[in-house]
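Here is the structure we will look at.
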Amino acid sequence: MLRFSDVKYRYYTDLFEFDLNVEQGSVVAILGPSGAGKSTLLSLLAGFIEPESGDITINNESQLSLAPHQRPLSMLFQEHNLFAHLSVAENIGLGIKPNLRLNEKDKKRINDAARQVGVDDLLQRLPEQLSGGQKQRVALARCLVQQKPVLLLDEPFSALDPILREEMIVLIQALIKSEKLTVLMVTHSLQDAKALASHYAFICQQKVLSQGRISELFTQEKPPELTQYLQAVK
């Protein structure tokens, strides 16, 4: 469904080289030490940066000529990126139309997405009136209204306390199932990876060194770099 084929990206003296296959409907935890290239991989997929060679395809269609908003994916960051002067409803509506010229059908999509993530009673509030967990739910609703099949998560739970973190994991588990999403999730938490992911990809030294089912992470023979990483983050 989603493939990085001999993708190369250079940042100053660092050369990133990615080969990765993601099956439709899978949830892939992107693991690896800081600076290894995890967020770089997501940025390449999202179209925020361009590779110098190789191809990135979704359903056998190259994404390289498409602008970020044209790609069949949405992205949830560690920082929720809500606009302080816009209401919750308007922040969600940006996922449909950036100019916020919303018709009744659009407003229904906003209400439906807000209900799915549990913020339908907060639609008229401003971000400053929300808790951290509520802000992240609003950002997730903005992803949902885009109705795109691939969801990218870049350490979305790292700023949340343990209770809110667990609530978000349960919520995203339900949304993955109901919306039939394919997910790539950058995380440093093995607990989050085991809770959400069906597969993993381990990035080290700017390459994908290992990938497989999450159930194999602690049982199969693996590169020494992955063994060392797992011991460090336990």
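Including glycine, each Cβ sits where the backbone N, Cα and C put it.
Copied over from Swiss-Prot, here are the features:
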BINDING   G32, P33, S34, G35, A36, G37, K38, S39  ATP binding site
DOMAIN    2-230  domain 'ABC transporter'
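Within 8 Å of the Cβ centroid of the ATP site, not counting the listed residues G32, P33, S34, G35, A36, G37, K38, S39, the chain contributes T40, I203, C204. Fewest other C-beta atoms within 10 Å: among the binding-site residues S34, S39, that description fits S34. In three-state terms derived from DSSP, S39 (ATP binding site) belongs to a helical segment. The binding-site residues in question are G32, P33, G35, and the one with the fewest Cβ neighbours inside 10 Å is G35.
Cβ neighbour count for A36 (ATP binding site): 22 (other Cβ atoms within 10 Å of its Cβ, all protein chains included). Non-local contacts of G37 (ATP binding site) by the CB criterion (under 8 A, 6+ apart in sequence, same chain) comprise F16, F18, I203, Q206, K207. Around K38 (ATP binding site), a 10 Å sphere centred on its CB holds 24 further CB atoms from the protein chains shown.
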